[in-house]
Number of protein chains: 2
Amino acid sequence: MNENNRPVLAVVGATGAVGTVMRDVLSTREDVWGEIRLVASARSAGRRLTVRGEEIEVRELSPEVFDGVDIAMFDVPDEVSAEWAPVAVERGAVVVDNSGAYRMDPDVPLVVPEVNARAVRQRPKGVIANANCTTLSMIVALGALHAEYGLTALRASSYQAASGAGQEGVDTLHDQLNKVAGNRELGTHPGDIRRVVGAELGPFPAPLALNVVPWAGSLKDDGWSSEELKIRNEARKILELPDLRVSATCVRVPVVTTHSVAMHVTFEREVNAVRASEILRDAPGVVLYDDPARGEFPTPADVVGTDPTWVGRVRRDLDDPRALELFVCGDNLRKGAALNTAQIAELVAAELSA
Amino acid sequence: MNENNRPVLAVVGATGAVGTVMRDVLSTREDVWGEIRLVASARSAGRRLTVRGEEIEVRELSPEVFDGVDIAMFDVPDEVSAEWAPVAVERGAVVVDNSGAYRMDPDVPLVVPEVNARAVRQRPKGVIANANCTTLSMIVALGALHAEYGLTALRASSYQAASGAGQEGVDTLHDQLNKVAGNRELGTHPGDIRRVVGAELGPFPAPLALNVVPWAGSLKDDGWSSEELKIRNEARKILELPDLRVSATCVRVPVVTTHSVAMHVTFEREVNAVRASEILRDAPGVVLYDDPARGEFPTPADVVGTDPTWVGRVRRDLDDPRALELFVCGDNLRKGAALNTAQIAELVAAELSA
């Protein structure tokens, strides 16, 4: 705590794509923080970055940087979190981690405040995990529907943005767009896009401009991608439904930021599209935008930069009265990363200040 | 028939996006045709276009243009087909129609030669319908799996190319790409893409560059789009499964040509991913391209300009031994339109020549 009894926050990984959005989030939400420390690798230490209108020098990650810190947010690779989160905890901080290192650890809660805020208090390791961006793009809407109808199965197909692969993903997409723009013959013959884009695929396994790529993450058993299994495992943990039937296909699309998901969701009870829409409209953190007659449905271009989960195309399955179809969009850097991390940190801050 | 006893073909709508691909298809497949007549609206009549290496003058649509024609392929708007197909039949032609005018007519077969070739002979109206491009991007693979396992339900999410909305769709996407390319700030703030793209949305209800749009077709009951209902109705008719459970969400993506579909498919019997992959590998008209460890899965950039349905990401559902997940790509102008029409016409030609 600082002299005004306000908690001290460390932001570890302050200079990446998510760190940049985090500084924006911290500068625009209600300010509960005493000191804010920005922390990064040695390469970025010494840079001066603005948060809450104030320039702060970025400090190098070290054990001492956590002295006096109440809450440390980590947005760094899994292996950096695995090494440094225990150091921060040892120095007295509660860690909110946005990597995959702790999400499935049974001693670490996986928290989405609109869905399972109370889980934040059960943290025997001093660590709280933030969910994957794709999970976060849909889970608030799912949680609201689950509370009413009881979720039994989720079939999800994603339309994931380049920034889910970090700043390198964004830069790669823009570089490729520059190469393909103006060539009106492209996209007609096999291989022509690969020829123009060349070998610079960045973090993607195929060209992303004028293409869609059915792959995100690493290869796991039986042909599943890590991203697809994260949706399954994280949805089960957050919703406390260990047997929830979940299958997903994750696809990268040439969008800069904001993940979309087409969902087929099955419930214990019969659903009604009108009532389901009311539930979504009234749910905290959800915007219902669903009037196709007026051209109203969420798209990434309209959702990017906003906080809520946007939901549209709500339809009851024509054959199954217990199933809904819907299409959701959520900013993968905001609710999908920085915002949810900040919301968790604020829950802990309120607890520490109480 | 011409003097060599080979059938006379009329191509109605020879100058559009599909017509252009049709001339390519007719020029490269085994040549079964006597005369080929190219027919279009008055606006395009008189143009000289090449087919089978031969320049032909485009004739204006009229009753007389069908005199002596054995088979007439139509790729024109629904209302033009509805008016002119009976005229062609009256003059003695069998019509193969790629519009939506006849697909659900119980007296018109809806034919995909790899799946239900024999249906082509039951044509009391003298008209045979070609399926919608999105249906055609997946139905050959589905048909092969159905023959082995018995299909009970299909959940589909599409990634549809701009050319599904015709040449205007392609031009609109290229125009928008020119506007957004080079602007590295785009795709970060709400509304910035709309601002740069401006009001020129072409046939799409929202910007398509750097975006995905969960809408295709017109609004039907209960929030469903016509495109989503076409998948349902046409899959049921082609597979002769009137009670098949089908739900789809159709989404337009910034790809020029080739539709992709993520599918969750449920069967009567238990499935096995290895055996399902063998079935797909051996199915006529299907290419299995599925080795994520080597970066092998279909993408539109690799599939465009080719004839088969490409299938990858074949996985058995982790909870349901009767369900498969897969990702398919098919060129919406070739198998999705021109090629399937040509295949149907060739079936009729073989019948007439027999």
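Cβ coordinates are placed from backbone N, Cα and C, and glycine is handled just like the others.
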Additional site residue, B:ASN332, B:ASN340 [criterion: listed by TrEMBL with B:THR15, B:GLY16, B:ALA17, B:VAL18, B:ARG43, B:SER44, B:SER163, B:GLY164 for NADP(+)]: B:ASN332
Intrachain C-beta neighbours of B:THR15 (NADP(+) binding site), sequence separation six or more, cut-off 8 angstroms: B:LEU38, B:ALA40, B:SER44, B:ARG47, B:LEU49, B:VAL58
Cα-nearest neighbour of B:ARG103 (phosphate binding site) within the listed recorded positions, B:ALA17, B:HIS259, B:ASN332: B:ASN332
Other CB atoms, at most 10 A from the CB of B:HIS259 (active site, proton acceptor): 32
Spatial neighbours, same chain, of B:ASN332 (NADP(+) binding site) - Cβ under 8 Å, 6+ residues apart: B:CYS133, B:THR134, B:LEU136, B:SER137, B:GLN160, B:ALA161, B:SER163, B:GLY164, B:THR257, B:THR258, B:HIS259
Maximal Cα-Cα distance (Å) across residues annotated as binding NADP(+), namely B:THR15, B:GLY16, B:ALA17, B:VAL18, B:ARG43, B:SER44, B:SER163, B:GLY164, B:ASN332: 26
Integer average pLDDT (0 to 100) for the domain 'Semialdehyde dehydrogenase NAD-binding' (B:8-123): 96
